[in-house]
Amino acid sequence: MSLFPSLPLLLLCVVATSYSETVNCEDSQKICPAVIACNSPGINGFPGKDGRDGTKGEKGEPGQGLRGLQGPPGKLGPPGNPGPSGSPGPKGQKGDPGKSPDCDSSLAASERKALQTEMAHIKKWLTFSLGRQVGNKFFLTNGEMMTFDKVKALCAKFQASVATPSNAAENRAIQNLIKEEAFLGITDENTEGQFVDLIGNRLTYTNWNNGEPNNADSDEDCVLLLKNGKWNDVPCSSSHLALCEFPI
């Protein structure tokens with residue numbers, strides 16, 4: 001005959017014995033008649049399943065981590081603004097006097113005389129080929145035809161002025177020089193009928209043609225030297241021979 005009547009009856013006895021706090025050995029025999037005697041407690045069972053996560057705890061204090069290595073140097077920044085000018089430096093010492101080359105006064109005088117002689121020859125050549133000299137005036141023409149304003153500009157470029165005869169000799173010299181009618185440095189642009197030179201001085205010598213000046217076209221403010229040596233008033237915008245005078 002088997003010691004345990006049946007397996008289900010045995011399990012029932014084990015459960016009743018595990019969860020009863022006041023059941024003694026005698027009671028257990030009454031409940032489980034198949035159990036002969038009370039034994040010692042059995043071994044612990046396997047751990048149960050993990051429970052649910054608890055509530056979030058408070059934030060902890062920062063940790064004391066290790067300091068990292070120093071990184072490489074950064075790029076150079078843009079240049080700054082220029083600083084203020086410094087104070088002037090101390091004055092330097094006075095230098096030694098310079099040495100002037102020894103000049104031979106006699107040699108300088110001879111060279112100066114030779115230069116003056118050469119300039120006189122050049123002046124004669126110019127007078128013979130291009131111009132006329134009367135007293136301290138030298139008259140020259142480039143043979144070009146242009147307006148009065150352009151003649152003034154041309155003469156001023158060479159530090160000269162438009163030819164203005166102040167006597168019969170100068171008027172005759174200009175007449176012999178020109179082959180075309182030429183402007184003179186005389187005008188009444190400022191005051192009609194009152195002809196003056198380019199400085200503004202009134203004329204002390206005139207040689208008007210018959211019936212001139214007549215201002216025929218109401219704008220004849222400039223003066224022309226005709227081939228016969230007489231003067232005629234003409235518009236300044238007309239083109240005639242350029243003639244300059246150089247002081248000598």
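For all residues, glycine too, the Cβ spot is worked out from N, Cα and C.
Segment annotation: Swiss-Prot labels coiled coil over residues 112-130 (candidates 17-35, 112-130, 226-244). Cβ neighbour count for Cys244 (disulfide bond) (all protein chains, 10 Å cutoff from its Cβ): 23. Look at the domain 'Collagen-like' (42-99): DSSP puts its residues at 0 helix, 0 strand, 58 coil. Here Cys236 (disulfide bond) comes close to Thr147, Phe148, Asp149, Thr187, Glu189, Asp219, Asp221, Cys222: these same-chain residues lie at least six apart in sequence, with C-beta atoms under 8 angstroms from its C-beta. Secondary structure at Cys236 (disulfide bond), taken from DSSP and collapsed to helix, strand or coil, is coil. Recorded residues Cys244 (disulfide bond) and Pro73 (4-hydroxyproline) have their alpha carbons 79 Å apart, per Cα-Cα distance. Here the Cα atom of Pro73 (4-hydroxyproline) is found 17 Å from that of Pro79 (4-hydroxyproline).
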